[in-house]
């Protein structure tokens, strides 16, 4: 095989790890995927075995080489993208985690988050980190591990332990302990990092009693962090030179380099991120302020809205209600529905995310009649995803005083043409679906490739991931607003139901 050079992206997700090899045109040459165990010690708790994650990553690296015939010395650089917020604490000498990784979804630290709120820290944390106080972020997870593993606090203070999000853990393992680093986008999700001053926040560390010695060094999203130890990369010493949390990597992979550009990834949940440029903008309306990416000595901020249930609502139709045999079938049924959209599904199975942040809300359905069919119910479930996206897009426009013209989309549910057309209709703007839906891995590859000169600059990248399809709005204004008003009523009723005591 010719000695063509490639970039490898490692995409470490919530349920599986993947390795993807990309060529110079940004095309996928090969990929390998491996699922790993989800651990649920108690209701609402979600954990992973960090060593099992590492083993799965080693396995998919090998799989990507085997499938493509590409050799380790043909990999110019490695980019890493990861499930964000998930927290690992390990022993510096042995490299062994002292507890399972606590996953972003896990609610086991909710009492600690509530305690911080009741102590009056909400505003302080928001101003420094851009985040709301929530168990979602890493800070309370680190504190929980130090509290619940015997001797951990003392060992952390002695400098015997290290903390990292998954990116940090993987770089540490790949370099055989030579690099203990993270990047701006992952640091910004810990609730320990001051995103204005770009440093770990001493006051927050003191409030939570987390020793600074355990924290990784924070670096930009596109630079060489270290090289793979040859025995961890099949003989190759390859620079690891790009890193970003999954949603920020997707923003970069979608080429959303200009302020005002917005992308939405329709995955298990839905994550909408807007590039707000070099000015940090705190949301007045419950969106998160975070770092999009930092390259070439500049940091670009972002606003983010998280929807907990998106693609997983379609999985619920399939696995929970058995209304469809596979996810793509939901599109066919939705098109067969002939009602007037008076049914509303509010899929608040784990509470409502942005901009409501109501963790007590639960799923509900409104507007059922004797004539409601399976097709109507499926259509209403798909529409609920689009309504939630509108909630966030409207909020972003209020926060930034800008009119969003186009929404760039990717992720599994973005393949559903019915959903994409309804999304365009209910927003009244164009929906641009990426040609290459692997935008998360592609973003990590782009960041890595830029750092080593594999791609020259952002202008060269702009030629690599064009729009695959454009969905334009076709619904009249009064119909659009009437439907959305019904959705707002349904959400309000859902929240009222959650508040009523017996």
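Using the three backbone atoms N, Cα and C, a Cβ is placed for every residue, glycine included.
Here the structure is a predicted model, which means the values were calculated and not measured.
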Given Swiss-Prot lists 14, 15, 16, 311, 315, 412 for ATP, the same-site residue among 268, 276, 369, 372:
268
Where Swiss-Prot shows 84, 85, 246, 247 binding glycerol, which of 121, 136, 293 is named for the same site?
136
Assigned conformation of residue 85 (sn-glycerol 3-phosphate binding site) - DSSP reduced to three states:
coil
Using the recorded ATP site (14, 15, 16, 268, 311, 315, 412) as reference, state which further residues of the same chain have their Cβ within 8 Å of the centre of those residues' Cβ atoms, listed in sequence order.
13, 267, 312
Close in space, distant in sequence - residue 84 (sn-glycerol 3-phosphate binding site), Cβ under 8 Å, 6 or more apart:
104, 165, 185, 186, 189, 245, 246, 247
Using the centroid of the Cβ atoms of 84, 85, 136, 246, 247 as reference, list every other same-chain residue with Cβ within 8 Å of it (recorded glycerol site), in sequence order.
83, 86, 104, 189, 245, 271
Three states by DSSP: which one describes residue 268 (ATP binding site)?
coil
